[in-house]
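Have a look at the structure below, then the notes.
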Amino acid sequence: MENQSSISEFFLRGISAPPEQQQSLFGIFLCMYLVTLTGNLLIILAIGSDLHLHTPMYFFLANLSFVDMGLTSSTVTKMLVNIQTRHHTISYTGCLTQMYFFLMFGDLDSFFLAAMAYDRYVAICHPLCYSTVMRPQVCALMLALCWVLTNIVALTHTFLMARLSFCVTGEIAHFFCDITPVLKLSCSDTHINEMMVFVLGGTVLIVPFLCIVTSYIHIVPAILRVRTRGGVGKAFSTCSSHLCVVCVFYGTLFSAYLCPPSIASEEKDIAAAAMYTIVTPMLNPFIYSLRNKDMKGALKRLFSHRSIVSS
């Protein structure tokens, strides 16, 4: 039996489309990728250039935008190259590298959304303690903890995958190297891998989600108790944007990874993964800029400043 050292590359099936539609597919995903990069970069620039947004909430939002760019780049760039060159292969090392970055950025998305929910909980439910609880040192510690934990999880999955044997060069039924499709190609015992996918995957998915739900269980009644219209409007503005992103993110994530195999076909899995890795990061900047008054103001000031400089 050959081991993993004899495997040089995998074949990525990609998104099913007739050959004559491949260029159209390339154009669509290239446009979506550029919109994602532009939108999230504008969010980062707006937050960095506006002193009014130098708060914990927008600190995590800027990091979330950076992670969204990384999540999309880790999967879409290789797919675009494969479509354009019509060479749908990825090296063994490239596959493991892509898997690592996809897992790290995907898990960071979940953790940052939970951190933002906790920030809103402290700001709305315990406003007098906010400056103490969410001081810069605490935010930096939370950020570092998120990066460390997600790197550990991603490295664990990657190292466990690297120990497996692959008898033949196989076809990955996906457009990137996700864990489950690659595991199906192994001729080794994948019991440990599957157990770690269940344990670690469930932890990094469910625990942040429960933190978000718990935070909003306390936030919603607190908002309803606010008597001034201005106070309700400001609280609702920041929370509604975050809730929209949470719903889109976890909705696509659950569709991609928690649907029973007997119900979801491979095509539906690929479509759900595309929503999670491509569409969601593209929509996030629009959600925050359309529903958040502070962000809309910061973007207007950013563009007005640049127009003055250019003139």
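Here the Cβ of each residue, glycine as well, is placed from N, Cα and C on the backbone.
Swiss-Prot lists Cys95-Cys187 with the feature disulfide bond, giving sequence analysis as the kind of evidence. Counting every protein chain shown, 14 other Cβ atoms lie within 10 Å of the Cβ of Cys187 (disulfide bond).
What Swiss-Prot lists as N-linked glycosylation site is Asn3, and the listing cites sequence analysis.
What Swiss-Prot records for 1-23 (among others) is topological domain 'Extracellular'.
As annotated by Swiss-Prot, topological domain 'Cytoplasmic' applies to 48-55 (among others). Beyond its flanks by at least six residues, the topological domain 'Cytoplasmic' (48-55) meets 62, 294-295, 297-298, 301-302, 305 of its own chain at Cβ-Cβ distances under 8 Å.
Residues or ranges marked as topological domain 'Extracellular' by Swiss-Prot: 78-98 (among others). Beyond its flanks by at least six residues, the topological domain 'Extracellular' (78-98) meets 4, 7-15, 22-23, 25-26, 29-30, 33, 158, 161-162, 172, 175-177, 182 of its own chain at Cβ-Cβ distances under 8 Å.
Marked as topological domain 'Cytoplasmic' by Swiss-Prot on the basis of sequence analysis: 119-137 (among others). For the topological domain 'Cytoplasmic' (119-137), the model's pLDDT averages out at 93.
Residues or ranges marked as topological domain 'Extracellular' in Swiss-Prot (evidence: sequence analysis): 157-194 (among others). Counting residues 6+ beyond its ends, the topological domain 'Extracellular' (157-194) has Cβ neighbours under 8 Å at 1-4, 7-15, 74-75, 78-79, 90, 94-96, 98-100, 102-103, 200, 266, 269-270, 273-274, 277 in the same chain.
Taken from Swiss-Prot, the feature topological domain 'Cytoplasmic' covers 218-234 (among others), and the record attributes it to sequence analysis.
Swiss-Prot lists 258-270 (among others) with the feature topological domain 'Extracellular', giving sequence analysis as the kind of evidence.
Annotation comment: Swiss-Prot describes 291-311 (among others) as topological domain 'Cytoplasmic'.
The transmembrane segment annotation in Swiss-Prot covers 24-47 (among others).
According to Swiss-Prot, the feature transmembrane segment maps to 56-77 (among others).
The feature transmembrane segment is assigned by Swiss-Prot to 99-118 (among others).
Positions annotated as transmembrane segment by Swiss-Prot: 138-156 (among others).
According to Swiss-Prot, the feature transmembrane segment maps to 195-217 (among others), an assignment based on sequence analysis.
According to Swiss-Prot, the feature transmembrane segment maps to 235-257 (among others).
Highlighted: of the candidate stretches 56-77, 99-118, 138-156, 271-290, 99-118 has the greatest count of Cβ pairs under 8 Å to the transmembrane segment (195-217). Secondary structure at Cys187 (disulfide bond), as computed by DSSP, is coil. Sorting the topological domain 'Cytoplasmic' (119-137) by DSSP state (H, G, I as helix; E, B as strand; all else coil) yields 16 helix, 0 strand, 3 coil. Packing against the transmembrane segment (271-290) from elsewhere in the chain are residues 15, 29, 32-33, 35-36, 39-40, 42-43, 61, 64-65, 68-69, 71-72, 74-76, 102, 106, 174-176, 178, 241, 244-245, 248-249, 252-253, 255-256, 259, 264, 296, 299: each is 6 or more residues past its ends and has a CB under 8 Å from a CB in it.
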